[in-house]
Each structure stands twice: as structure tokens, then as C-alpha cells.
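Inspection log for the structure reproduced underneath, given as C-alpha cells.
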Amino acid sequence: MPLEAQDAVYVALELALAALSVTGNVLVCAAVGTSSALQTPTNYFLVSLAAADVAVGLFAIPFAVTISLGFCTDFHSCLFLACFVLVLTQSSIFSLLAVAVDRYLAVRVPLRYKSLVTGARARGVIAALWVLAFGIGLTPFLGWNDRKIATNCTEPGDAATNVSCCLIRCLFENVVPMSYMVYFNFFGCVLPPLLIMLVIYVKIFLVACRQLQRTELMDHSRTVLQREIHAAKSLALIVGIFALCWLPVHTINCASLFQPTWAKVKPKWAINTAILLSHANSAVNPIVYAYRNRDFRYTFHKIISRYILCRTHILKSGEGQVGSQPTLQLGL
């Protein structure tokens, strides 16, 4: 496939993912905002995740497309474009980790859960996690970057005359060192939370199964536990999808760092596919919610019917007065 055609396909797929990410995750935020049944601390963390995914669609994907074309710009502008997606990725990981801890507390200490995990505390944790995500994602601005070796777009003489005016080719690997991406970002900030989440969900299932085996458990308590297990399965599925979507791009980064010769000849289609897969993760979560959660499914249908499809039937109320009422038909 010619390079131009390959780039065109990549850009088209990225734009499609951006549209799906924004649409689906705005729907998630709207669902939690309009449904009292969905306004729980757990779902506040999912809204944080959805907000990160909306930002991926609105900003990170356009930035990624821009960077993939290798246009010329000043170093720090390019570095910001490259780092912004790292902020959103880190925020997503922290949101998933917070959800895992939240679900563990719900199963481990059900009687104290409501007093421990309140809406105010959840919002405070979310704010702290976003601040931490920005700190981690923007670390290259503190000096861990490739400014000194970045390939520039100007003539060598021009760069030597006025370094501040030197434009560089805006490519991710031209501004962010692989040592940062592998040692700090992947080994330090991505892999540990994923492993912690794996341990937490294993513990959730073990604790819940032990409690379900207790013969003296009341029917109501058994129903609550079964519901918690179902929720944990859904959230574990989201974590699994996140890992599957993001591990390929991190694997390529590791190969680029540890096998420098391969880094010079790695196929562009492999890089683009890995990047597309990582961005596809932002479009998948709303589908999981709709498939696995009855309340989300109901609220999605309600919002789409009322505000998008405008399904209303006319009601005559009194003389000459016309009213409208939304109609919902849910097959749940």
C-alpha cells in the first residue's frame, strides 16, 4: 500500500474513532447526570474515565493525526501534543484503579461501605488523580525529552545561527525519549496499576464466592452479593479491554528501546495499528456499559429516544392546547 494511501486510511479510521469516542462517552456522562439511579461513587469514577475518553476523541486523536504527519513546528508545541495523550491515558488508568478499590470495599466491608465511600470523597479522589495524571504526563517538560537530538526542519546553518527559531519534525519519537516511555511511563505508571487491579479483582471474586457459600446468608444479602459480582465482572472486562488495547503500543516501545536496530526498520503499519487499537479503547467502554448494565442501557435508550430521535406523541389537553410526551419502549 503506498504511503499516501496508508496515511489516508489511518486518518480516516482515527476520525471515525474520534466520533465514536465523543458520542459514546458524552452519552455516559449525560446518563449519570440525568439518572439518580446512576449517581453513585462508582459511576463518578466511570464519568472521570468517560471524560478522559471524550478528551481523547476531541484532542488526543487530532493531535496524534497531526503528529503522524510529521509537520514542522517548535519543539515545545510538539512536546505538548505528544504529552497530552499521556495525561489522558494516565487518568484513565487511575480511574480504573479507583473503581477497582471501590468495588473491593463494597464486597469486603459492605456494612461500612456507604460511610467510607461518599460522593464528596469520590470527587476529591478524582480531582487528586487528575492532578497526578497531569504531573506524570507532563514530566518530559521538566527535561526528560529529546530536544538536543530532535531532527529539525531548517538548514543546519540556520539552526546554528538561531537555535530558538529552529523548527523540528513533529513526530512522537522525535520529542519523547523511549527511556521515558518504557521505564517511567510503562514500567512505573501503567504496569503496576494494571497488576494491582488484577490482584484486586481476583480478591473480589474470592471474597464474594466465600460469602455466597455461607448457608446462613440471607436471601437479600445473597442477591446483593450476586449483583456485586456481576458489576465486578463488567468492570474487570473493562480493565481487560484496556490492557489488550494498550499493551501492543507499549510492546512496540519496549522493542524500540531494547532493539535499536529494529526501531529503525519497524513498519509504519504496525505503529499505526497499535495506535489505532489504543484509541479504540476510548470508544469501547460505553458499549460495555450498555451491554452489561441495565440502568445504563435504560438511560441510554431514554436519552436517545427523547433528545436525539425526538420520539414524542401528541396529546390534546383541553381546547386547542397541544402537548407532547416522550414514548419509551424498552425490551429489557
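Glycine too: its Cβ is placed from the backbone N, Cα and C atoms.
Matching Swiss-Prot disulfide entries to the candidates Cys170, Cys189, Cys209 identifies the partner of Cys78 as Cys170. Same-site candidate for adenosine binding, as annotated by Swiss-Prot with Asn253, Ser278, His279, chosen from Glu173, Glu228: Glu173.
Asn43 and Ser115 share a topological domain name in Swiss-Prot and therefore face the same side of the membrane.
Rounded to a whole number, the distance between the Cα atoms of Cys78 (disulfide bond) and His279 (adenosine binding site) is 19 Å. Reported as a whole number, the C-alpha separation between Ser278 (adenosine binding site) and Cys78 (disulfide bond) equals 20 Å.
Within 10 Å of the C-beta atom of Cys170 (disulfide bond) sit 25 other C-beta atoms, taking all shown protein chains into account. Residues belonging to the topological domain 'Cytoplasmic' (291-332) score a mean pLDDT of 61 in the model. Across the fold, the C-alpha of Glu173 (adenosine binding site) and the C-alpha of Cys78 (disulfide bond) stand 11 Å from each other. Most Cβ neighbours within 10 Å among the recorded positions Cys78, Cys310: this distinction goes to Cys78.
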